[in-house]
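Everything on this sheet refers to the single structure shown next.
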Amino acid sequence: MKHLISPLDLSVSELDEILDLAESIIQDPKKYANVCHHKKLATLFYEPSTRTRLSFEAAMLNLGGSVLGFSSADSSSAAKGESVADTIRVISGYADICAMRHPKEGAPLVASKYSSIPVINAGDGGHNHPTQTLTDLLTMKQLKGRLNNLTVGLCGDLKFGRTVHSLINALVRYENISFVLISPEELRIPTYLREEVLEANNISYKEVNVLEEVMPELDLLYMTRVQKERFFNEEDYIRLKDSFILDRKKMEYAKPDMLVLHPLPRVNEISTDIDDDPRAVYFKQAQFGVYVRMALIMKLLEVEVC
Amino acid sequence: MLNIGGLTKGIVIDHIAVGGAMKIYEYLNLKDMDCSVAIIKNARSNKMGKKDIIKIETFDINIDNLGVWDSNITINIIENGVIKEKRNPRLPEQVTNIIKCKNPRCITSIEQELKHVFKLTDREKGIYRCIYCEQAFKKY
């Protein structure tokens, strides 16, 4: 039985299989409308989430399955002090597969060790969020047509942003990927990612703190939010925050086919001015999140389409 | 330099990074040992500038996992007042309940019964990461 805890749990060929299946679902969703009939997805959300939980539930419902679960620790036995290990052993008897979000890093890995059903990590603190990575990759593959030969700009909070870390880990396995890392000094990628992932794999990258000057080079721009609380002082935040806001003026420097992705929720880092720009694909990206989760559920449940 | 009497028989843990001697002292539970133990802090070192050293007058300690604490140390086995053997520390691929994850965001911080398991992720630098949160173990 397979779980999905880290984006690196999937080999490149397994990843490609999931993305291919997601693309088949996009082309003919009706064909998959009942493949999970009588199957149940448990959504174990120990902290609130809107899009991840709903996209998992939408994915299972689209496959003809059903869903059960809880959406906060307060409404689960965790409030009574039950361990993750005990919870998953019980839930294993109620559902066929589960998606777990937990504020503590590594909780889904603990669950996977005691579970008799596949466990999907739906986000564990600031650590991993593999289905967001799958969503990002499907968006790139669908709208860019490839996952290799890309110059990828990552902008915003690159220090704490788990989606950025997971995406870098996933993309370095494809050919001819280079990164442009755009962030304030204080929010650069962690040293281990620079040394153990980028440099260890001979990946070309540069670190800059001005978005405009690198816009013309990019095939993709992945935006993340720069959170005020990450700065040491308000003065720095005020000085830097506008450098990392994408607006119509900055988009003028971009290639005509550059795509803008964002894991959402957006606050102010992407101006609503560019929502109608065809290169702004973050809402499509959210939609792809449902398809890729459908494909993932099918793969983990080993459901075949006749 | 401070002179500490030579050891006739026992173990000298040399080239400990400055500040590490007390951590290793605690890990080896040397406070409960009956034998002589010398801790030398901030000793001059050509190789490291400064270093810590521990001299222990017994072989009756488990030094198998010392590399997890500090991969650069040297373990000298002393017999009859001379170095009989110099050992580099062993770096096991995985250790359980030898070191503890200190990341407050890690699941081990709230679930006390979980074993603290670390994997070696960089043999050259001797970096161990918690299998749950992947945070590197900070030695000192």
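Backbone N, Cα and C define each Cβ position, glycine as well.
Cβ contacts within 10 Å of A:Arg101 (carbamoyl phosphate binding site), excluding its own Cβ and spanning all protein chains shown: 24. Annotation source TrEMBL lists carbamoyl phosphate binding site at A:Arg51, A:Thr52, A:Arg101, A:His129, A:Gln132, A:Leu264, A:Pro265.
According to DSSP, A:Lys80 (L-aspartate binding site) is assigned to a helical segment. Under a cutoff of 8 A between CB atoms, and with a sequence separation of 6+ in the same chain, A:Lys80 (L-aspartate binding site) has no neighbours. If you look up TrEMBL, you'll see A:Lys80, A:Arg162, A:Arg225 marked as L-aspartate binding site.
Note on the domain 'Aspartate/ornithine carbamoyltransferase carbamoyl-P binding' (A:2-142): mean pLDDT across this stretch is 94. Taken from TrEMBL, the feature domain 'Aspartate/ornithine carbamoyltransferase carbamoyl-P binding' covers A:2-142.
According to TrEMBL, the domain 'Aspartate/ornithine carbamoyltransferase Asp/Orn-binding' annotation covers A:149-298.
Put plainly, the binding-site residues A:Thr52, A:Gln132 were compared by Cβ crowding within 10 Å, and the winner is A:Gln132.
Across A:Arg51, A:Thr52, A:Arg101, A:His129, A:Gln132, A:Leu264, A:Pro265, which the record gives as binding carbamoyl phosphate, the greatest C-alpha separation is 17 Å. Secondary structure at A:Arg101 (carbamoyl phosphate binding site), as computed by DSSP, is strand. Packing around A:Arg51 (carbamoyl phosphate binding site) is summarised by its Cβ count: 16 other Cβ atoms lie within 10 angstroms of its Cβ, all protein chains included. Note: A:Leu264 (carbamoyl phosphate binding site) has non-local neighbours A:Arg51, A:Tyr282, A:Gln285, A:Ala286, i.e. same-chain residues 6+ apart with C-beta under 8 A of its own C-beta.
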